[in-house]
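All remarks here apply to the structure that follows.
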Amino acid sequence: MSSGNHLQWHSASVNKTERELLNGHQGGVIWFTGLSGAGKSTLANALARSLYEHGVRAYVLDGDNVRMGLNRDLGFSEQDRMENIRRIAEVSKLFADAGFIVINAFISPYQTDRAMARHILSEHPYIEIYACCSLAECERRDPKGLYVKARSGQIPHFTGISAPYEEPQAAEMTIMTEIETVSVAVDRIVTELEKRHIM
Ligand SMILES: Nc1ncnc2c1ncn2[C@@H]1O[C@H](COP(=O)(O)OP(=O)(O)OP(=O)(O)O)[C@@H](O)[C@H]1O
Ligand SMILES: [Mg+2]
């Protein structure tokens, strides 16, 4: 670990402002949090499509995909969930610096982990969005059949069943996915990005 003493940050020849000028919008982060089945991936991908149609460079980082690659060594203990979020935040920082709007879809159940992500990304525009849906409705949707498995004990540490979900206290936006349609929610997020002069 002490090799850190010999590391030196190399500054880039093209800076962030120049990249943003080229793209015509800022880089930034949209971070969806919520229970499994609340609609994070659905909203993230609908938003990515809308941003693409607006000529905005966006990229979705999604829980399962990241866990199949970068974070394949991590499990679902509190410790591993924290490391999962830390790495995602660091990757997001690179994407945001590159000028992308990165759209994150992770349960991210712990308040301290979300605060850590926000801190790591403090130099970039950051919008936390709570995909809010009752546990009962998430279980009814059960798009991946995970709740059935969690209830029967096949999946340990399952958020909402055998692991906690800490509701955001100060998310920039909340989307009640039992009430608001995907397209209305996406339009509302795009309006928010415009209002903040991110795009
Ligand atoms: N208004 C809505 N917004 C988002 N999703 C909705 C809405 N209404 C119904 N759904 C449905 O709810 C399900 C949400 O599943 P999705 O995979 O997006 O959840 P998730 O939050 O990404 O879960 P996980 O954490 O397991 O990845 C989908 O089947 C989607 O079609
Ligand atoms: Mg998902």
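Yeah, the Cβs are placed from backbone N, Cα and C, and that goes for glycine too.
Taking Cβ-Cβ distances under 8 Å and a sequence gap of 6 or more within the same chain, the neighbours of Ser108 (active site, phosphoserine intermediate) are Trp31, Thr33, Ile85, Arg114, Ala117. In the three-state DSSP scheme, Ser108 (active site, phosphoserine intermediate) is classed as coil. TrEMBL lists Ser108 with the feature active site, phosphoserine intermediate.
Mapped onto three states, the DSSP output places Gly37 (ATP binding site) in coil. The 10 Å shell around the Cβ of Gly37 (ATP binding site) contains 24 further Cβ atoms across the protein chains shown. The feature ATP binding site is assigned by TrEMBL to Gly34, Leu35, Ser36, Gly37, Ala38, Gly39, Lys40, Ser41.
Feature annotation from TrEMBL assigns domain 'APS kinase' to 26-175.
The Cβ of Leu35 (ATP binding site) lies under 8 Å from the Cβ of Ile107, Ala131, Cys133, Leu135, Cys138, Thr159, Gly160, Tyr165, each of these being in the same chain and 6 or more residues away along the sequence. Those same-chain residues not listed among Gly34, Leu35, Ser36, Gly37, Ala38, Gly39, Lys40, Ser41 yet with C-beta within 8 angstroms of the centroid of the ATP site C-beta atoms are Phe32, Thr42, Ala105, Ile107, Ala131, Cys133, Cys138, Thr177. Other C-beta atoms found within 10 angstroms of the C-beta of Ser36 (ATP binding site) number 26, with every protein chain shown included. Selection of the binding-site residues Leu35, Gly37, Ala38, Gly39, Ser41 by a Cβ distance under 6 Å from ligand 1 yields, in sequence order, Gly37, Ala38, Gly39, Ser41. Cβ neighbour count for Ala38 (ATP binding site) (all protein chains, 10 Å cutoff from its Cβ): 28.
Per DSSP, the secondary structure of the domain 'APS kinase' (26-175) breaks down as 64 helix, 28 strand, 58 coil.
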